């Protein structure tokens, strides 16, 4: 495809996949925020006030519901009695048993701090992409409880408080924060919570002296927000089952008790409502973000003015309990679960302010100490806020649609929202409060359904467009492969006037509909790619026909047809099994076990000739199969880190000892080559850097485990070792050794120190086994090609091309054949394994931050995330280098196999696109998002790996190249001698003539 050479194909691949990754956010996770709504609150007579004059919100960041309410031994026992399990939050527990109402607040994905706080305080669920905005100052630019309050005072983290302070009415919210340097994962995080409690005490001490402040604190409709980050930081550092985390719960409970008593002593009016909850939970491996139940279940304890007393069921199990709360010893107290956004509605009601404009929370009536009439009024106001959002959204949708399809329950056959609200008002006026509450609850569900209907209004059109786009990419990629790497550009594209008019008309029609609908700019991108891809495929239809003859021309008998169909079904089955492997990691183990027998399919003669190589492949596959059987959620294991690092050092030392054997393709018969002493010295330095990384990592890990912090010297040396090791390949340019095995070792040792520093358990062993598997794969594929080519006569499809004026490729590159599909499939499986063998496929959050603390102990999500990405990229770097060498050994173009994989990989992407969920269990939602994003990014990685591969193998020589060069030199000398002899004869003949 002369018009679209290789580098343009790669650029198109990257742009297309990045654009289409965001399609799930335009389809499934559109921001629900709207403006222009009227606000509603419960109207009361002048002589009646709100349930509470003030509200105190405690958010224990990262606190799991079970850990808060279970019984545990004393974290730091001083006597045998301390070993007896007891509640670690006795004050909060007393509120559950005596004064308030409790339950579990269920969060949504992503289970991160910003989305969690937005749901709690604004009552809405931001779209999933908003999680990244929580890592930088990005004001919450929509309505919230704080914005509705008369005034809000807040204390806590600089990552959370400024968002609400700067997003509210100027001067409405005061935020008191500690510095970012306090968020040190290597220090005692309880100091963060103690800082908050101490500053609240100082604040009220100042109020006793400051008359202006005291008057402000005596107003109604005020809110106090205490953000307690210590639990989250401790959970990340030590895990939520650790004594440090449990001790932090004790400190939080004591702090809440002291603050509650402070309010009681200061106000002495009993008009304060207290809410204690969390923004998200924490997984057993110290992370959050996905939809695992440990991350989505948080405690909710409410007590004080306007709050219902506990409902007790002595001697029996109270309603609301299940297996999850069986060990809390609270079975006799009714448990009232809520969705996280419901908390915002509850707090708004208690303090007597309007419900936030975009709130979708349902007011939990079971938490209210109100009579039935008050509950009926509150329910109606709650549903009016939802219906107001529906009205505004519907008006905007009508304005951009040629033919609007109304929501059926509110359509021609259903009652309008206004009519149904009027009916509920009549029920309240008639004193039929129970019926009014039931009707409000039913209308609430219909209203939320209407909001969802409008949210998903464009789904069918967009999903069809994206699907056609992905199918177009697959067809375009495979067409490009056939044109470039099978036909070598011999067939020119054939465009017709009719075809051009057709595709242009389709694009114009799509864009016209998008303009009328006032669609976002991203929609135009989604519409462009399908038309572009399918037009390219149509223009190269003759290439496809010629490619079919080249690739399938030899399939002309019943047996060959059956073999082709069977192999095709097998390959499709493997790809489908990889989709299941995203959920069940064990499937990758099965694939490796099956793949270990691949050399046996070539017969005994092949095994006899390549016995050692086949055995290496078999053992490497079996070893690789074990990693996906190990738990993805792993704790730090310094001994395993050390063992992995030592084995990396052993590999480097063995190479230095047996260099001649390795460079002779593992043969003892070859003559020893001249030693490149500079190159060997550099290998020794790389081995030394790996040893240094082991020492530093072990020291840093033990220091952090002992809670002694990260020594400054260790941090500096860790960075020096990491950077120096990554720069070492530049030194080899002084006197390069271009043998492919030497190049592979250099890359292996380049990444080894980084992998040691950033590993927490068995990942170092994976790095070793994975590297061994890749090397044996490169050698085995070459051996198979030589073996099969020596047995089978060459056909037109297998001959190496000669240089012709028609070919767009240089002579060394042979055309692809059907047999290369297996090589591409192996490459694809190895890509999946590179990511999944050490991580939980369903949860990106399973990649622990423990290793990053050895370099960056202070909370810095972008830098820490970059370190994790660097670690994840190392196996991909190994694959790219080995595949580049394999391309050379097989004689195919550098981009050929990359492009094949880029085409077939989106079969997985398209599958995961259709199974993305935005409702259901939070685990399902988070998993489907992760699956789609990972599958999409893998294709982007492949497109990026080709230039990486080219850089890694620049100038590298495989065995055949060296032999050809030597043969070429001999041939040149022979030709020179022949020419000299001929010239001598000619000149001799001429001289004789003259003399005569």
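Backbone N, Cα and C atoms are what each Cβ position is placed from, and that goes for glycine too.
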- prompt: According to Swiss-Prot, which listed range is transmembrane segment: 587-607, 776-796, 797-817, 965-985?
  reply: 587-607
Message: Cβ under 8 Å, sequence separation of at least 6 from the ends of the transmembrane segment (561-581): give me the contacting residues as numbers and ranges.
response: 552, 555, 587-588, 590-591, 818, 821-822, 825, 828-829, 832, 836, 841, 904, 907-908, 911-912
Task: Report, as numbers and ranges, which residues of the same chain sit near the transmembrane segment (496-516): CB under 8 Å and 6 or more residues beyond its ends.
output: 400, 402, 465, 523-524, 527-528, 531, 534-535, 538-539
Message: If we skip the immediate neighbours and take only residues 6+ beyond the ends of the transmembrane segment (613-633), which ones have a Cβ under 8 Å from one of its Cβ atoms?
response: 283-285, 585-590, 592-593, 595-600, 606-607, 666, 762, 766, 769-770, 772-773, 776-777, 779-780, 783, 833, 836-841, 843, 846
Query: Which of 47, 210 (the glycosylation sites) has the most other Cβ atoms within 10 Å?
result: 210
Query: Taking just the CA atoms, what is the gap between residue 210 (N-linked glycosylation site) and residue 147 (N-linked glycosylation site) in Å?
result: 25
- prompt: Helix, strand, coil residue numbers for the topological domain 'Lumenal' (582-586) per DSSP?
  reply: 1 helix, 0 strand, 4 coil
- line: One should report the C-alpha separation between residue 147 (N-linked glycosylation site) and residue 47 (N-linked glycosylation site), rounded to whole angstrom, as 25
- request: Count the Cβ atoms, other than its own, that fall within 10 Å of the Cβ of residue 147 (N-linked glycosylation site), considering every protein chain shown.
  value: 21
Query: Per the 3+ Cβ pairs under 8 Å rule, pairs at least 6 apart in sequence, do the transmembrane segment (638-658) and the transmembrane segment (716-734) touch?
result: no
